[in-house]
Amino acid sequence: MGHSGSRAGRSTLLYKLKYNEDFHTVPTVGFNVEMIEAKKNRDKITLTVRDVGGQIKMRAHWRNFYQDTAGIVFVVDSSDIKHLDEAKSVLEQTLKSDHLRGLPVVVLANKQDIVGAAMVTEITEQFNLIKSCSDRDWFIQPCLARTGAGLVDGFKRVAHLVKMTPEDNNIKETEVYKIKISYNHVNYYGNLSYKEP
């Protein structure tokens, strides 16, 4: 998912991940469905990924895709600074659905190579992810859909979060962790036990 039919890069990201090729895409009208294999520890799992168009008219139909959803991937065009508040609002509205209550969220901050793009720390703060995702596990991943940078890491995180085992759920973490990655960005992720001071 992503906001307002912008060129956030959902379809480009999906096809880069699936085929490792550049595809010329147009804004999605309707939806695309692809199966993506991901690894969790030593196991392979298959994720059914629904790329749902972000146009305002399409958002009214998003709820038709919520049932049987195990996690949310929300793609943000981090270079489109003037529409970040709109993207935040769309994500907040999405998270209010009863069908999505408590499901993990991975935010993919796309177009990190563009000068002036918001870094993940800025998006985390602007989207107030610590508060808006306080009832669920979440992660934010910088990425470049065009080149594929960050996509595998992002979907590994999706695979991990949607396939939590009872052993995984016994691990209680009490703060937001920072993981340094290349190109001087920081990923933030939180979990259900985080309490804002």
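Even glycines carry a Cβ here, placed using N, Cα and C.
Feature list (source: TrEMBL):
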- Ser11, Thr28: Mg(2+) binding site (BINDING)
- Gly54, Asn110, Lys111, Gln112, Asp113: GTP binding site (BINDING)
Neighbour-count leader, CB within 10 A, binding-site residues: Asn110, Gln112: Asn110
Enumerate same-chain residues with a sequence separation of six or more from Asp113 (GTP binding site) and a Cβ-Cβ distance below 8 A; give 'none' if the list is empty. Leu144, Arg146, Thr147
Starting from the Cβ of Lys111 (GTP binding site), draw a 10 Å sphere and report how many other Cβ atoms land inside it. 21
